[in-house]
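Asker: Once you've had a glance at the structure underneath, I'll fire off some questions.
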Amino acid sequence: MGNHSALVLIELGAVFFGLGILGRLAGRIGLSPIPLYLVGGLFFGQGGFVELGGLEEFSAIASEIGVILLLLLLGLEYTAGELVTGLRQSWMAGILDILLNFLPGVVIALILGWGAVGALVLGGVTYISSSGIIAKVLTDLGRLGNRETPVVLSLLVFEDLAMAVYLPILTAVLAGVSFAGGLQAVGISLVVVTIVLVIALKFGNAVSAVVDSKDREVFLLTLLGAALLVAGVASAMQVSAAVGAFLLGIAISGATATNATRLLEPLRDLFAAVFFVVFGLNTDPSTIPPVLGYALLLAVITSVTKVATGWWAAKQQGVGKLGRARAGAALIARGEFSIVIAGLAVASGAVTDELAALATAYVLLMAILGPVAARLAEPVMGFLTRKTPQTV
Amino acid sequence: MRVEQTPLPGIGVRKDIVTASGRRIGTVTQRDGETELIVSRADDPDACLASIPLTADEASTLGNLLGAHQVVAQLTEEHRDLPGVNTRQFLIDIDSPYDGRKLGDTKMRTRTSVSLVAVLRKGQVQASPTPDFTLAAGDLLVAVGTSEGLDAAAEILRGG
């Protein structure tokens, strides 16, 4: 027993230390650490270079907490007011976004013979942009004051709300419930989302007051306790633990939300890193080469479709061509939530291992391609527009 | 003047105005209170030429500079028909002897015949400050008087 826990500590220490080095490397080259964490997981997992044993129990629960914290902080980022106005302003672009970016995943999954469940999963993977990567890229490139930036951000808001409806459907389908059961899950989640939005709009202060405390320790415990409780109850109701956490995040507002974000950010980073590594660990690297071609194809198609979405949305707001290109390119990055979706699917055992491999390869490509594309949008547009007068 | 307020979900608020020259100027205030001054590009009004992070002090000083210019211009216009009457602005430096002291302590009026007509602080105008108004570093005083009087006033504010 003593030997066992010593081994686990050493392995865990090595994993965290390795992730720290990867994170530093990512920062040095101006990249999101997510793809590197995935690669780190691939490196150590089954079929990887080094096999790790004895970590399963801890890493399983830690990665689940990682997902809950990812969604909780996503909810904390938005106020209910922002969500409602965001929804009102961007619903047309949001629907275009779903159509253009969900379909490629669905089609490829069907071509590969993964059935309706696989199609639902892969559609989600290709649909959802990474709000984490995109917000960071926009800040780094000094584009917060740009006119197209609110367009991009409100599309992200729409996507995150869409997740609150999509995840319960996914959880229900993965659990293998019947069509009627699935409809029921959707119905429950829609009702719950609406109720939470109304509560957050009208009584946000009351909810915040319940979890708020001046004492950091008390605050952290109440907050984390509430998040896990809500997530657990949501999970028991088949609404998906992650969505429960997301809705709790929305209901907490104002200064409480700001403080909560500051307090939970390091915890989220830690547990989310474990989540990405575990996903990588459970993916056999040898399953990736066969699906790499499809991942590349999906990367190309869904880059084009995201650019089209952003272009159209920015055009509706009267933004010029350069800004439209910037908006489109900014949306390309996929990351944490694509892996959350794939992770849920793989954990349920309802999809093939190849799907995990394809999702990993796809997110690796898109998490790197996204920031690069955002930087290149202007020079490329400049090149294209300069060329036009010569040819005409 | 129309200030356009645009929420940036998850990040903060952008407030900007479009100038007569067609440029967009404004601020982006992030959730954590960090403020950036933004200036749009001439060739692409959607994009920003620069977004300059400002500390609270820098932002309020900039506000004072812009606001003072406005007040001074207005006063100069009003005094145009009175030869020998000038308007000037004085900044209370961090090392000014009057940082934290009352305006009355300067005895400005008796010593130089100069009138202090306004104090600008954090972009806000305090018109006709009374002698018990407490000065602070960063305040911009707007004074009216003869040019000799104003020179003397500058000396007093700098050296006491």
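Each Cβ is built from the backbone N, Cα and C atoms, and glycine gets one as well.
Pulled these from TrEMBL:
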- A:22-372: domain 'Cation/H+ exchanger transmembrane' (DOMAIN)
- A:6-27: transmembrane segment (TRANSMEM)
- A:34-52: transmembrane segment (TRANSMEM)
- A:58-79: transmembrane segment (TRANSMEM)
- A:91-114: transmembrane segment (TRANSMEM)
- A:120-139: transmembrane segment (TRANSMEM)
- A:151-180: transmembrane segment (TRANSMEM)
- A:218-235: transmembrane segment (TRANSMEM)
- A:241-258: transmembrane segment (TRANSMEM)
- A:270-288: transmembrane segment (TRANSMEM)
- A:294-314: transmembrane segment (TRANSMEM)
- A:326-349: transmembrane segment (TRANSMEM)
- A:355-377: transmembrane segment (TRANSMEM)
Asker: Sequence gap of 6 or more, Cβ distance under 8 Å, 3 or more pairs: do the transmembrane segment (A:91-114) and the transmembrane segment (A:151-180) meet that?
Answerer: yes
Asker: Counting Cβ pairs under 8 Å to the transmembrane segment (A:241-258), which of A:6-27, A:58-79, A:294-314 comes out on top?
Answerer: A:58-79
Asker: By a Cβ-Cβ criterion of under 8 Å, what residues six or more beyond either terminus of the transmembrane segment (A:218-235) are in contact with it?
Answerer: 65, 68-69, 72, 210-212, 241-245, 247-248, 259-260, 263-264, 267
